[in-house]
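This report refers to the structure that appears directly beneath it.
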Amino acid sequence: MQLNPAEISELIKSRIEGLGAATDVRNQGTVVSVTDGIVRVHGLSDAMAGEMLEFPGNVFGLALNLERDSVGAVILGEYEGISEGDTVRCTGRILEVPVGPELIGRVVNALGQPIDGKGPINAKMTDVIEKVAPGVIARKSVDQPVQTGLKSIDSMVPIGRGQRELIIGDRQTGKTAVAIDAIINQKGQNMTCVYVAIGQKASSIKNVVRALEQAGAMEYTIVVAASASESAAMQYISAYTGCTMGEYFRDRGEDALIVYDDLSKQAVAYRQVSLLLRRPPGREAFPGDVFYLHSRLLERAARVNADYVEAFTKGAVKGKTGSLTALPVIETQAGDVSAFVPTNVISITDGQIFLETSLFNAGIRPAINAGISVSRVGGAAQTKLIKGLSGGIRTDLAQYRELAAFAQFASDLDASTRKQLDRGARVTELLKQAQYSPQPISLMGATLYAVNKGYLDDIEVKKVLAFESGMHQYLKTSHAALLQKLETTKALDKDAEAELQGAIAAFKKSFA
């Protein structure tokens, strides 16, 4: 039998063309070891840093260490089902989370998946969690206020849209309470809020969500929760997830506020991941890039100009600036702000609000130490009404604290010193504020005006808050138009001042 090479080649060619096998060309490797949510994979030569890796059972991991012959990855989720020898595939994608208005009012985990039992989130868009912060040219200076509704903050440590203001203090000093009050006060201020809970007890997160719901704040808030029961990897990425969700609004000419509660726990989670990946430890066993961990996150909070927004939206939004304001929280140990992570975050942010245990225990809440709390850029954003009335407050408090220390040892004090001490005691009392009760700018202005003009000088210290409460009620019922005017203009003209003066004087006569 004679073989015809041409026929054979034709036959082979037709067979190959008729072959219907689907091919899946992807870089794949093998699991070498699994320990504490960290997986070593051999053979993934094309993996990118930060790439999503696919494990059996629809489990995903994040490639963090790219070494010569292996890849170190963290598992996002349950890792109990992964065993040595399993096949791992590259996905070619960087970790993405859902973004957009569909997330508002929901509680999600670090991957953007709903955990509140209210059904799926049909978000139309996703975005990568690691992004480069806007450059210098894209930014605009901070000149619009973020009203927290807290007298001590809005008068002495004002916050502007696009600022990063650190809330720092020991445990149980009211750090979360300050942040939650700031979120509650954004009602009607055209501000979308993101609350990122990192490494907290699930019960604490539930309490925060309940407080936000009762105040009607969940209507404009997204909660990203990575509780203490979640893996270190989930706690580490949750801050970036929340930031990406906030950036969606910033880049479209809207304003957003994000609270990271707290970054100390995120740093600890990152330290755990780094040590398990065998990265060399440095000071306090943190890895060498722990500064970069927080700087690349907090630099993404910025106020961007109209050109940036127009270019980003391809001309859909014109003439609008966007902002992302960050309120990171740091927990200190016994008031030690010179520890590694606190000093890092202090140097990255645009100011800090110090909360002190001694003040908190003395009943001064919020327990803000006015002497060492600063806002480096917020002064330009403060409203005229509050700025004009709060100038003397910080000075009064500073002098009071200084004199109070000496007054303990002095038996007889001259009249001017006694007057300063009395005034300081009243100012301190007046700056106290109950939780979940932020004040509108008009009532805050009235309070500051009353203390500045000496209307409280002859009121007993223990009756100061009752006087304030009564005055607010009187103004709401008898001078609603004046309050409305102050809210709208955010300034105190001569007519408004005359009416306010008359109203406070009239109320004081009736106050017993």
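In case you wondered, yes, glycine gets a Cβ from its N, Cα and C as well.
Pulled from Swiss-Prot, these are the features on record:
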type	residues	note
BINDING	Gly169, Asp170, Arg171, Gln172, Thr173, Gly174, Lys175, Thr176	ATP binding site
SITE	Ser373	site 'Required for activity'
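By the criterion of other Cβ atoms within 10 Å of the residue's own Cβ, the least surrounded of the binding-site residues Gly169, Gly174 is Gly174. Ranking the recorded positions Gln172, Thr173, Thr176, Ser373 by other CB atoms within 10 A of the CB puts Gln172 at the bottom.
Neighbours of the ATP site: apart from Gly169, Asp170, Arg171, Gln172, Thr173, Gly174, Lys175, Thr176, residues of the same chain with C-beta atoms within 8 angstroms of the site's C-beta centroid are Glu331, Leu355, Thr357, Phe360, Ala367. Every protein chain shown contributes to the tally, and the Cβ of Lys175 (ATP binding site) ends up with 25 other Cβ atoms within 10 Å. In three-state terms derived from DSSP, Gly169 (ATP binding site) belongs to an extended strand segment.
In this structure the C-alpha atoms belonging to Lys175 (ATP binding site) and Ser373 (site 'Required for activity') are separated by 14 Å. Counting every protein chain shown, the number of other Cβ atoms lying within 10 Å of the Cβ of Arg171 (ATP binding site) is 11. Each residue contributes its Cα atom, and for Gly174 (ATP binding site) and Ser373 (site 'Required for activity') those atoms are 15 Å apart. Calculated from their C-alpha atoms, the gap between Thr176 (ATP binding site) and Ser373 (site 'Required for activity') amounts to 17 Å.
Secondary structure at Gly174 (ATP binding site), as computed by DSSP, is coil. Of Gly169, Arg171, Gln172, Thr173, all annotated as binding-site residues, the residue with the shortest Cα distance to Ser373 (site 'Required for activity') is Gly169. Within 10 Å of the C-beta atom of Asp170 (ATP binding site) sit 18 other C-beta atoms, taking all shown protein chains into account.
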